[in-house]
Amino acid sequence: MEEKSSKKNDGGNQKVSFFKLFSFADKTDVVLMTVGTIAAAGNGLTQPFMTLIFGQLINAFGTTDPDHMVREVWKVAVKFIYLAVYSCVVAFLQVSCWMVTGERQSATIRGLYLKTILRQDIGYFDTETNTGEVIGRMSGDTILIQDAMGEKVGKFTQLLCTFLGGFAIAFYKGPLLAGVLCSCIPLIVIAGAAMSLIMSKMAGRGQVAYAEAGNVVEQTVGAIRTVVAFTGEKQATEKYESKLEIAYKTVVQQGLISGFGLGTMLAVIFCSYGLAVWYGAKLIMEKGYNGGQVINVIFAVLTGGMSLGQTSPSLNAFAAGRAAAFKMFETIKRSPKIDAYDMSGSVLEDIRGDIELKDVYFRYPARPDVQIFAGFSLFVPNGKTVALVGQSGSGKSTVISLIERFYDPESGQVLIDNIDLKKLQLKWIRSKIGLVSQEPVLFATTIKENIAYGKEDATDQEIRTAIELANAAKFIDKLPQGLDTMVGEHGTQMSGGQKQRLAIARAILKNPKILLLDEATSALDAESERIVQDALVNLMSNRTTVVVAHRLTTIRTADVIAVVHQGKIVEKGTHDEMIQDPEGAYSQLVRLQEGSKEEATESERPETSLDVERSGSLRLSSAMRRSVSRNSSSSRHSFSLASNMFFPGVNVNQTDEMEDEENNVRHKKVSLKRLAHLNKPEIPVLVLGSIAAMVHGTVFPIFGLLLSSSINMFYEPAKILKKDSHFWALIYIALGLTNFVMIPVQNYFFGIAGGKLIKRIRSMCFDKVVHQEISWFDDTANSRSLVGDALALIVQNIATVTTGLIIAFTANWILALIVLALSPFIVIQGYAQTKFLTGFSADAKAMYEEASQVANDAVSSIRTVASFCAEEKVMDLYQQKCDGPKKNGVRLGLLSGAGFGFSFFFLYCINCVCFVSGAGLIQIGKATFGEVFKVFFALTIMAIGVSQTSAMAPDSNKAKDSAASIFDILDSTPKIDSSSDEGTTLQNVNGDIEFRHVSFRYPMRPDVQIFRDLCLTIPSGKTVALVGESGSGKSTVISMIERFYNPDSGKILIDQVEIQTFKLSWLRQQMGLVSQEPILFNETIRSNIAYGKTGGATEEEIIAAAKAANAHNFISSLPQGYDTSVGERGVQLSGGQKQRIAIARAILKDPKILLLDEATSALDAESERVVQDALDRVMVNRTTVVVAHRLTTIKNADVIAVVKNGVIAEKGRHETLMKISGGAYASLVTLHMSAN
């Protein structure tokens, strides 16, 4: 962890050089970039040309003879048309070339990055990165890079040329005035630079805070069942709010600072106008300048200076892109220690399959303080089966990781056929090894595709044979789409047994020489296990096999059994040899497992029902993203973390039909009234902000008025000129100061209102989501912008428009109407321009969603990808998913280019029309010189003001949409609402549970009937064990008692009261749930145990609970003891260790009802005995419901109930049920007997 944080801190200074960004450009890109740059330079010069023409125009209007004037104006107006055509062409080329090349190059970088990530060694994933980071970089960082090397480069070139051109013209036309005005430029630049610098710092802080808040969301949603079962909703909400508070403070500070920056800039600009007017007048009087010349210089310097000010978005983008590229380019350059793409290394004709580990020393890169092997040796002769047994955490699975060469040993050798693994070509040797692990990883694609990972271009016949051999054909044929069924993210749509059989089929298809089985049958119930075991026996013949197993029954037949203890082999031999030595380690393990002879039947482990996302020890999969595991109603919309710029929100990938619904939902328009209502507490703040916004809004039209007055003034006689120039200069300064005060005030108040709103909405949403019956939610990315900034804009724009219109119509109503008719074009033009300044990249992100899903799946299952050498397969799939978005990006580039070009075309044509009609009006005496300019400036500046501010606004449609989705969340009342305080509570709970005629289907799989009219009574203080086949609905019983779901019909009663009438949070506090896949939070062991107790637990209680769960000893032996962080999803602990912590958490709650869902299935014999003892102690005097595979756990139950086809087929004690000949229970038991 420490390394990570230090990396974050120095991340700020690491950037690549600007030109390095383009290192992946090909020839086409170079051509596009060259054309784009030339066009951009050309486009940059249009504005300086425009000021020249404008100067001529003013002089034309300044002539006294009306007829002569009209002729002169016409001459100049034609030049506007030429300019319009020219600018249209260059603007199109500039934008389209740069956008297209940006899209192309970023696609290349994305592909290369994924390719490099897939080739990294597994250790890299343990220590350097995680899925979230990879996906974040692929979806977020590449967009920053694309932004820095696409349209922004063109824009920057354009602005730079405008700056240079403007100054060249100014110095050519009037060097004295230009020199004086230049002195103002540094001030403008400094203000702008300081603002963007501070802003980016603040934005960084805000993002960190939001990222942390996003993390809280991710963890909570990921573990929603655990949160809910332990009524941890309030804790989660509090933690979330504390993170939001930090983010809120930065939002307000950002508002204030951006306000000051903008205010200062505008103040400086207005003051320099004042200076220019006064000094210009002086030059006209003393140096013989004319009015056109002065105006020309003023405009040229200002366009030049303004364009320099507008470069900041580009410069920010360059900085962000260079920083983002640093990490990605580093990764692309990184050559892994163990490289799957490295084709050097020998390839043999064939291998025999002798495996040897020679004096191996090893530690996991992520836990360098724990030595796993110190001088470990093992030999596996070819064609033989060696089984590794031993306690949880002893290093059995590590042997498999070393043979697959996921890691290299620190010293010692791993040999195959006496050749060091390091000398063999990695891809080739992995193709000879088949791996079936305890937690089979499936990709979010079809069953057929999943199996085909085993072999390039496998035929349908081969796939068919593989599924038949793996005993998967039966269940696949039952599925509506057969082999084309989608398996869901990480295989969530399949039960454990089904997933495992697919994984085995995948290995069979590969037809490997060496087979590695890591707990391959631990997830199966008796029947599937026997079937799969047969399949594996078929698979194992004539292959070298290494088996890791908890269950000794599965390995009795192995040629050699090796007992691993604390990283050493303490005993090895065949089952029969070792069982002779009663004191030997093996015999002790066997005794532990059996308890007594007839219990050797214990491999009774019906697998949990359809709904379970399995995992024993999660050490292997640090899959960061996962759907809300277990049959949650959202198992389809798996949560993905999009580290969205504003809000690392949780984004939901729905299936198609969901998306259609989504769209319908989205069109529900949100009234601003409703949003405003949420903002009610901030009304005073909003009023102050609005007043400031109104004042700020009047500034632009007044500025137009001043411009025209001052132009008029330049043509007045010297005496009046002198007096007027002083007056107008002061007015400009006053205007500047107004801005300086009003903008920060406006931004600050709206920042507070907006920030509070977003904080309120986020915490409301989060609170709502946590209390949802396990449901999806959307991100609140842009919600703040709607009230905060959008309201400020609306007020400011209204003020701008009204003032502008008043000035124009009082000046000259005829011309005002003509210009007004054209002003929509000006608005469109300004909007388009500013939009290009802010960029288009947000859309790219959504388009690459599907491609990111492919990457996400591959990275979170990197071991599977590596062991099946499927890197190229993944890359092909990825490229395929990228094609659409890439083409789209190119299309977008061309369209935007055209739009940009035409917007310029319109602008210059409108100017032309305006002045020609003005000249006409003057000729017929309907207007004066001053009026023409008054109207023109008031309206054009009004239009520009409106359009720029609107475009800078975060897209309010987006904001409206997200508002709609937020209100959907806030309006949705969950059917099962844990936040509601309604419902009864009992003084004391006895713990009688009854299911009365319950029928049920999962909301997400309405075609599968789980319970039909199920009846079951569980007397208080007794233990009831549920057994049955995989998918029969045993775990569902537990989900229904916890009230994760309501029955479709029938009732569930506790102490004769229907559970739907109880207060939900109280009900859940009465129960302790320990599930098969314990979910821990990424915090310390201490806080994970304390999670069980609402209102906090004392240190003594925590230690007592840990002792009762047999966890105290191993916790104390860890370097940091109770302060050890368990890692994401508990990856730093072994399965048995996690399970004991989960039990301690349940014990601390001291529940009346104990629900054990496969609580010991993930443990090895010794931990199981220890944990089982702990459970036996806890079960006393509590009503206990146990779902289990193993007979030992079940035999002592007071009642055993067999769940079959959605009803209870039999119930009674073990002895009674055994007597029913041909009974369901007896046959389940016989199955086991024969399996042994």
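Cβ coordinates are placed from backbone N, Cα and C, and glycine is handled just like the others.
According to Swiss-Prot, the ATP binding site annotation covers 390-397, 1028-1035, on the basis of sequence analysis. Among the features that Swiss-Prot reports, compositional bias 'Basic and acidic residues' is placed at 594-616. Per Swiss-Prot, domain 'ABC transmembrane type-1 1' is recorded for 33-320, and the stated evidence type is sequence analysis. What Swiss-Prot records for 686-958 is domain 'ABC transmembrane type-1 2'. Marked as N-linked glycosylation site by Swiss-Prot on the basis of sequence analysis: Asn542, Asn631, Asn653, Asn1082, Asn1181. The annotation region 'Disordered' is assigned in Swiss-Prot to 593-616. The feature transmembrane segment is assigned by Swiss-Prot to 38-58, 80-100, 158-178, 179-199, 257-277, 288-308, 685-705, 725-745, 785-805, 806-826, 902-922, 927-947.
Known features from Swiss-Prot, placed on the structure.
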residue	record	contacts (Cβ under 8 Å, 6+ apart)
Ser394	ATP binding site	Val564, His565, Gln566, Gly567
Lys396	ATP binding site	Leu388, Val389, Gly390, Val548, Val564
Asn542	N-linked glycosylation site	Gly383
Asn1181	N-linked glycosylation site	Gly1021
Outside the transmembrane segment (158-178), six or more residues from its ends: residues with CB under 8 Å to it: 40-45, 47-49, 51-52, 55, 94, 276, 279-280, 283, 287, 289, 293-294, 296-298, 300-305, 307-308, 310-311, 314
Fewest Cβ neighbours within 10 Å, where candidates are the recorded positions Ser1032, Asn1082: Asn1082
Cβ contacts the transmembrane segment (80-100)/the transmembrane segment (38-58), at least three under 8 Å, sequence gap 6 or more: yes
The transmembrane segment (725-745) versus listed stretches 257-277, 288-308, 685-705, 902-922: most Cβ pairs under 8 Å: 257-277
Contact yes or no, the transmembrane segment (288-308) and the transmembrane segment (179-199), 3+ Cβ pairs under 8 Å, gap 6+: yes
Distance [Cα-Cα, Å, rounded] between Lys1034 (ATP binding site) and Asn1082 (N-linked glycosylation site): 29
Intrachain neighbours beyond the transmembrane segment (902-922), with Cβ under 8 angstroms and 6 or more residues off its ends: 43, 46, 50, 57, 60-61, 66, 69-70, 73-74, 76-77, 80-81, 83-85, 87-88, 91, 812, 814-815, 818-819, 822, 825-826, 828-829, 832-833, 928-929, 932, 935-936
Rounded Cα separation (Å) that holds between Gly1028 (ATP binding site) and Asn1082 (N-linked glycosylation site): 34
Helix, strand or coil at Gly390 (ATP binding site) [DSSP, three-state]: strand
C-alpha spacing of Ser1032 (ATP binding site) relative to Asn1082 (N-linked glycosylation site), in angstrom: 33
Protein Cβ atoms within 10 Å of Lys1034 (ATP binding site), excluding its own: 29
Other CB atoms, at most 10 A from the CB of Gly1028 (ATP binding site): 24
Conformational class of Gly1028 (ATP binding site) under the three-state DSSP mapping: strand
CB contacts for Gly390 (ATP binding site) [other CB atoms within 10 A, all chains]: 26
